Amino acid sequence: MDIPRRVFLVFLLGLSCTTCLSSDSSLSSNGSPVSPQKLLDFAKSRDFSEWMIGIRRKIHENPELGYEEFETSKLIRSELDKMGIRYKHPLAVTGVVGFIGTGKPPFVALRADMDALLLQEMVEWEHKSKVPGKMHACGHDAHVAMLLGAAKILREHQEEIRGTVVLVFQPAEEGGGGAKKMIDAGALENVDAIFGLHVAPHLPASVVASRPGPLLAGSGFFEAVIRGKGGHAAIPHQAIDPILAASRVVVSLQQLISREADPLDSQVVTVAKFQGGGAFNVIPESVTIGGTFRAFSNESFMHLKQRIEEVVTSQAAVQRCHATVHFFSEENLFFPPTINDESLHKHFKKVARELLGPHKINDMQPMMGSEDFSFYQEVIPGYFFFLGVGDDTGERYDSAPHSPYFKINEDGLPYGSALHASLAVTYLLDQQQKFQSVEGGPRDEL
């Protein structure tokens, strides 16, 4: 997940029997109340917690980049086999999709991403990355471990699932658009809604944060090559200076935000790459600049893309240069904005309140980071939230995602697995009850 460094910052309800119960009811298959705290305690039990932490550490020691998660995928399938959970593989090269429950509607999905980053880990600990130059610096190892934990919880309580839970283990979130390829491969077939989470080291363990509506920005990348005419720095009138043209382009791009964008419609254009020349006395033939642009609506995002191309080519032309702009739409898909469904937000808050308590639920402001979970939300209702994995003792984890010093408090993992499972089983119960109240009977198997 792409999150700016500075800005970083759920409950097991039991299931009711299939007879008519209120949506707030929580009954096990034998009709006795199921305590959310008891089920969370199951996730926090020593054996369960140590197993889940062990999974996370194995993955952390052996990080794999997008579409290269072969060993991670193998580990996932091995654990699902041990649990007796059926699955499909491969989807999108290394992806795995598991199924727990009746095999009948309704269907709800839980998602975890699997890929690591090109970073050399600088945290010295027993389970440091064993692969030079690669690191799980965004918590995807924890995401996989928590979804496997949720799978084990769901398997233990399978008789209480009133529908089907789909487990989506996805490759290549970090710029590879793995979610889009999972969708194309049929991962969301029959699915009515999807939930996803991301670890947040700046929040204490057991605290969650999210919001309805826009949560994360849509993002894209651009690169422009500005060509002039090289020459001697002492006789610039005989050259056409692309460095000067590129400098004007950079300044003009900032005016897209300060003078064209609605101040109430947050947008960003950042030029983070500027390459040209290699000598003090030579005007280069060309300059390459590149960066990212972000917005919270598809309309603003596409308008920004159009204006970036117009500004780059026009400003270069004013300086007698020629420019071409590349947006990497094939190599790195544009990520749409992550927009949380309003009704799923209410469901999330209800579940998190029962499991964690109202004081553990934070309302957060939108962030300019991006997530390819948004591709799922373009197809079906989806909800994405942040789970605290900071230190409960008061130590502040200053390492943000994509930092070589990234670390998490593993005590937060049981909360993530319990939240995953709880969100799924209660969603299925609610959907079944809604359908029965309208139709007067259960849905048929597909």
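Cβ atoms here come from the backbone N, Cα and C positions, even for glycine.
As the structure is a computational prediction, the values presented were derived from the model and not from experiment.
What TrEMBL lists as signal peptide is 1-22.
According to TrEMBL, the Mn(2+) binding site annotation covers Cys138, His140, Glu174, His198, His402. The number of other CB atoms found within 10 A of the CB of Glu174 (Mn(2+) binding site), across every protein chain shown, is 22.
Each residue in the domain 'Peptidase M20 dimerisation' (218-316) gets a DSSP state, and the totals come to 41 helix, 35 strand, 23 coil. The feature domain 'Peptidase M20 dimerisation' is assigned by TrEMBL to 218-316.
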*Quick one: average pLDDT across the domain 'Peptidase M20 dimerisation' (218-316), no decimals.*
97
*Quick one, of the binding-site residues His140, His198, His402, which Cβ has the fewest other Cβ within 10 Å?*
His402
